[in-house]
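A.B. asks: Mind having a look at this structure? Questions to follow.
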Amino acid sequence: MQRNHNRGTAELRPFEITANYLKNPEGSVLMTLGATKVICSVSVEDSQPPFLRGTEKGWISAEYSMLPRATKERTRREATKGRQTGRTIEIQRLIGRALRAVVDLEKLGPRSLVADCDVIQADGGTRTASITGAFFALKLALARLVTNKVLPENPLKDDLAAISVGILPEIGPVLDLEASEDQQASVDMNIVMTGQGEFIELQGTGEEATFSGSQLNELLYLGTKGIEQLITAQRYQFDKLQHPYDTSDLSQNTVVIATRNAGKASEFKAMFASDGLQVKTLNDFPDLPEIEETGKTFEENARLKADTIARVLDLPVLADDSGLQVAALHGRPGIYSARYAGDHNDAANNAKLLYELTGVPKEKRNATFHTTLVFAKPNQPENDLVVDGEVNGYILGIPRGDNGFGYDPLFLVPELDKSLAELTADEKNKISHRGNALRNLEKVWRDWLK
Ligand SMILES: O=c1[nH]c(=O)c2ncn([C@@H]3O[C@H](COP(=O)(O)OP(=O)(O)OP(=O)(O)O)[C@@H](O)[C@H]3O)c2[nH]1
Ligand SMILES: [Mg+2]
């Protein structure tokens, strides 16, 4: 068994959170996750449920429904049947509980919020997509109440998202089940989690099957990673609504690179200048928040940077994840090169590297600089263009040269008998990991961008 579109076990389907989708509600969202589409709206009412009358406390509830043709075959409307199914009631209670967990109901005051989640197309994960979308609609509604001075203070305590995970035959634990997978899964589970990484609800069940503690841990790990991505996207989306990023002055000849590293930026500028292309980096968009590099590989981190920024800026974006792999240190610092000594500090990183290599003889100090470049178009992670580049050398015992950045003064290129920091920018680009990766990109990106 293989997942559709060769999806990885830890990969979400492409998703999109379209804010302010409807005109009337205080908050509204079209949430899509693969082919699953849910319209979520949040309405504010100046009344309290009976059990809160006489208090200053507010309430949040939810209603869930599915359009007849959301499913492969038409399902009868619950309104026509005259009653809601047990499934519907269970799901809407779940959505209400999830939303209430992240709002201070005292601060909400004597009013009610109702989240309506209407599934217009169902391809698995409708309840979790409803929660993720309803939360965003709620966030929009509460922000509006604060802007309009209805509320003195925002009662939102945390972010929130939900996702499904499951165990598939032959594959094992996977993130984000689509409907065809849901039918085959021996175990499926819905995870609802806050931005702080706290669980609100776990619904896990075996179907003619059982699951072990270690499988449960794996499912929780996958779910956590998926939810982190959803929450990151929500935060970006929200920030973007508060301060839209102005990309109008970017010409056709601009490449946006998702980096804040000035050393990388100047290398990219020099390399693209020969093509007549201008480079912008995240430093040109100071409002963009940090991207947490939670991936386990260079490629995962580069995708995270490129996909996130491409989505936010709505432009094609190139990202670089790179690092130094030292043989005597079993490939370390690798993806942790920037934060090897804690915070990102080149001098401390170099000092730590030298310390860890104390007593290692010259011939055993071989190392490789690696770069993975990912070029991403907005909201099409499946089409990401991925290329690599490397350069081999040795780690010196004493730094040499003042050019470059990072570990350059410690990286000896044996063919030139010079450290990377003793090379001019042009000389470094001709042989460097980043230069090699760009030359590999050069061969393919024009066709890909068409
Ligand atoms: O001497 C070096 N010459 C290089 O040519 C080079 N390329 C990468 N590195 C090191 O590896 C980390 C990458 O980490 P990284 O890819 O996450 O980048 P970063 O965090 O600095 O910036 P960003 O692109 O993520 O914003 C960097 O910080 C550096 O320590 C280099 N060191
Ligand atoms: Mg980084």
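Keep in mind that glycine also has a Cβ here, set from the backbone N, Cα and C atoms.
TrEMBL: automatically predicted annotations, no manual curation.
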A.B. asks: Gly125, Thr126, Arg127 bind phosphate according to TrEMBL; which of Arg87, Arg100, Arg111, Arg144 goes with them?
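C.D. replies: The one candidate that TrEMBL places in that phosphate site: Arg87.
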A.B. asks: Out of Ser212, Ser214, Ser322, which is the one TrEMBL records at the substrate site of Thr259, Arg260, Asn261, Ala262, Gly263, Lys264, Phe405, Gly406, Tyr407, Asp408, Lys428, His433, Arg434?
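C.D. replies: For the substrate site that includes Thr259, Arg260, Asn261, Ala262, Gly263, Lys264, Phe405, Gly406, Tyr407, Asp408, Lys428, His433, Arg434, TrEMBL also lists Ser322.
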A.B. asks: How does the domain 'Exoribonuclease phosphorolytic' (11-141) divide up by DSSP, counting helix, then strand, then coil residues?
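C.D. replies: The breakdown for the domain 'Exoribonuclease phosphorolytic' (11-141) reads 46 helix, 41 strand, 44 coil.
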A.B. asks: Quick one: what's DSSP say for Ser322 (substrate binding site), helix, strand or coil?
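C.D. replies: Assignment for Ser322 (substrate binding site) reads strand.
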A.B. asks: Out of the binding-site residues Arg87, Thr126, Arg127, Glu292, Asp321, give me the one sitting nearest to Asp408 (substrate binding site) by CA distance.
C.D. replies: Asp321
A.B. asks: Starting from the Cβ of Glu292 (Mg(2+) binding site), draw a 10 Å sphere and report how many other Cβ atoms land inside it.
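C.D. replies: There are 11 such Cβ atoms around Glu292 (Mg(2+) binding site).
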A.B. asks: To the nearest whole angstrom, state the Cα distance for the pair Thr259 (substrate binding site) and Arg127 (phosphate binding site).
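C.D. replies: Cα-Cα, rounded: 36 Å.
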